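If you check TrEMBL, you get these features:
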- A:12-33: transmembrane segment (TRANSMEM)
- A:45-65: transmembrane segment (TRANSMEM)
- A:72-89: transmembrane segment (TRANSMEM)
- A:95-115: transmembrane segment (TRANSMEM)
- A:122-141: transmembrane segment (TRANSMEM)
- A:161-187: transmembrane segment (TRANSMEM)
- A:214-235: transmembrane segment (TRANSMEM)
- A:241-260: transmembrane segment (TRANSMEM)
- A:272-291: transmembrane segment (TRANSMEM)
- A:297-316: transmembrane segment (TRANSMEM)
Amino acid sequence: MSSSSSATVRRILREAGIGLALLAMIVFFAAAAPDFSTHENISNILTQITINLILATGMTFAILIGGIDLSVGAVMALCAVVAGRLLTLDGMSEPLAVALGVAGSLAVGMGCGAANGWISSFWGIPSFIVTLGMLNIARGGALQVTNARTIYDFPDSFNAFGTATVLGVPVMFVIALVLLGLGWLVLTRTVFGRMIYAIGNNEEAVRLSGHRPLLTKVLAFTVTGLFVGIAAIVYMARLTIANPILGVGFELNAIAAVIIGGTSLSGGRGSLIGTLLGAAIIGVLANGLILMGVSDFIRQIVTGVVIILAVVLDSYRARLARG
Amino acid sequence: MDRRTFLAGIGAAGVLSLPASAAWAQLKKPVVGLVMKSLANEFFKNMQEGALRHVEERGDCTLIPLGIQSETDIDGQIALVENLITRKVDAIVIAPADSRALISPLVRAAKAGIKLVNIDVLLDANALKKHHVEIVFVGPDNKEGAKMSADVLAKALGAGGKVVILEGNPGAANGVQRKEGFMESIAQYKLDLLDSRTAHWETEEANTVFSNMLTAHPDIQGVMAGNDDMAIGVVKAIEAAGKKGQIKVIGFDGIAAIQPLIKNGEVLATVDQFGAQLAADGIDAAMKEIGGQTLTGWVKTPMKLETAATI
């Protein structure tokens, strides 16, 4: 009991540290760039981090269980073009087309995720390799489905969804936040969630205690895929196109958000609250540097420095915690 | 053995399905290798399809169309050129992924007696000169095209109009040339350039980067986007900011998805480079060279300004 409560304290301290870093960044940009703290800009930042936040929420499941998913950007493109095809089918009512499109995207995402999880855990292949393969399959599939063309002309009601706001907050961001909350409940309050942490910490111990990790691993990767399917829908509604080459490199941004958020790349340690903070840090940084007029090249360098800094700080904190 | 390899090579180009007599006639036809960039790019996909159609219409040559995985897979493209040298093709028509890195394999091809035609992106002239090789360039003038598109915006805004630029990949030759064209238009019409940033040709990135530019410069009146994908991202950002109709946008490439935006006035203009026609013109040039003519310099291919009036 006492060890678990000290672990909770440590976790809260870690998240507080990341939160402080975000706060410092916000204070800095608010002082350095006059337009930063306007209502419009805050709303912009929320829109801009939404896709990465959804992908990173899903990615947190894969990383917590001790894996990684390099295929999310490519699978997102496959989800989008399949949904795009369904959305633009002739002779369908708008609500039916939208329902089919959303269902198609989620099904493709979950299917690819389940395949990633099953192949890597059934044959004991590192998910790094399996998802690298899936990256190529999904990207090739997306190109095949579209013959490399951009799909457009979605129903108006679908496109309107992408820019809708509630009390000045983008609806898409609210959805991402609700999903993150649900994910947090699953990870912290369910057997499935606790099993993910247990497997990420010590898969062998889980096996020896008589549990079979296979199903949990497949499910964790399926959740990652589900979030990819949701991100694809958000992308399409916001930009009103589906393009087979979209999402290149998105996996790296999602991984960066998870890692900056304090989740350990070796699994078993971290939280979705951290992921939210990590995604916010990346978004605020990109936004603030542009508002300050910092050049593209410097902006890229600064982003890289922040990622390394976050990981260094995390290992420093871990060492402190061990005493 | 040699002939069998040759037949296998031709077979790969998809001609063995012809009846035997026709296949023999086919063997005497010159073989042209078409080396493109990424076929994941709509522009090159159109190019490939246009080239295949054109060769079928000509009927006097065999085409081997090849593409690489991604726009920046320079190594992969060098390997493709080397393969074509090994297969002893008669000519290579190439859209280089890099204007310098491809020169040494192309020089090897020239020494092997293969006729060369450069399309799309211009090879570095100085590097070619060093190797004493001259390669004809068949392609559009990206700079002139970008200026055509930007001029529409400049005339709509008038002197002092406040504009921003969204650039392509830093270092990509076509991206650099398009920006030069934009800058020329800005200088000529005395526009006020507030900011210029890359969005790596990408819709989503353009959407994000432009929203941020707009926050920093709420008085932006016009946007010059280096390609249509980025122009689409900009249009969505303008809509989201509630400034529909207040900010004018121009693009480049003339992809299908931009057409409805031009029709409804959200995009003023784009420039179609006729990707399909480009490879066909390159193949025609290669056939002339195979026929004994020597082509040099720049054969400019047509571009068309697309506006609401032309669609």
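Don't overthink the numbers, they just go from 1 along the chain as shown.
Cβ atoms are placed via backbone N, Cα and C, with glycine included.
Note that TrEMBL annotation is computational and uncurated.
Beyond its flanks by at least six residues, the transmembrane segment (A:72-89) meets 55, 58-59, 97-98, 100-102, 104-106, 108-109, 112-113, 134-139, 141-142, 145-146, 151, 153-155, 158, 224-225, 228-229, 231-233, 235-236, 241-251, 254 of its own chain at Cβ-Cβ distances under 8 Å. Sequence-distant neighbours of the transmembrane segment (A:297-316) (same chain, 6+ residues past either end, Cβ-Cβ under 8 Å): 14, 17-18, 21, 256, 259-260, 262, 264, 278, 281-282, 285-286, 289-290. Among A:45-65, A:161-187, A:214-235, A:241-260, A:214-235 has the largest number of CB pairs under 8 A with the transmembrane segment (A:95-115). Using the rule of three or more Cβ pairs under 8 Å, pairs at least 6 apart in sequence, the transmembrane segment (A:161-187) is in contact with the transmembrane segment (A:272-291). For the transmembrane segment (A:272-291), same-chain residues at least 6 beyond its ends with a Cβ under 8 Å from one of its own Cβ atoms are 14-15, 18-19, 21-22, 25-26, 28-29, 32-33, 35-36, 41, 44-45, 48-49, 52-53, 56-57, 59-60, 177, 180, 183-184, 187, 253, 256-263, 298-299, 302-303, 306, 310.
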